[in-house]
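All remarks here apply to the structure that follows.
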């Protein structure tokens, strides 16, 4: 029996979100103090280093975006649990609207508020990774690449060992997500060079496109396997 999936699990939506994810990471690094705001492993390590050196104030600067990321996950979960699916919007669309608002606010903050901006981006990424955790039935992240690289490489290895073409297709989905993340980072680099702080508005446009896409009937894309 063929499984019908929601638009929120389509690879087309994954592409849009991955481009936005790469864009946000490039923006935070180029425009907002050389920080990768999407993934928190680096922030956790830097916080630990500063704690070991008794640089408490500096350590707290890394704790704030870590907390913001976690808060984004919490917000996504609260929206999912509280939404009764009877309203105008799907719960994932509500999460997207919150992400968009956070990014628009970030665009109008000066360099002196980079810590807040990076925390807002971390919050956005936490919300996004919790809201959109699966595409085509596979666990997949659109704001970071390590997990996708692992899963894609495992699937590719299984293809070479067992000659299962389903594993090849799965690997290509993961690598495709990484490729579009890279595309987003490249676009983010050039856009940030030109528009500086306001460049993040382009990422909010991408998220709004994802928001609009979720009004589309998923079954209309089934024949394209998207």
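The backbone N, Cα and C atoms fix where each Cβ goes, and this holds for glycine too.
The transmembrane segment annotation in TrEMBL falls on one of the ranges 38-58, 59-79, namely 59-79. Through the fold, the transmembrane segment (198-216) approaches residues 7-8, 12-13, 16-17, 19-20, 23-24, 27, 31, 90, 92-93, 96-97, 99-100, 103-104, 106-108, 121, 187-188, 191-192 of its own chain, all at least 6 residues removed from its boundaries and within a Cβ separation under 8 Å. Within the chain carrying the transmembrane segment (59-79), a Cβ under 8 angstroms from the stretch's Cβ atoms is held by residues 35, 37, 40, 43-44, 46-48, 50-51, 91, 94-95, 98, 115, 118-131, all 6 or more beyond its ends.
Proximity of distant same-chain residues to the transmembrane segment (115-133), defined by a Cβ-Cβ separation under 8 Å and at least 6 residues beyond the stretch ends, is recorded for 8, 13-14, 17, 20-21, 24, 27-28, 32-33, 35, 37-40, 61, 64-73, 75-77, 79-80, 92, 95-96, 98-99, 102-103, 105-106, 109, 139-144, 200.
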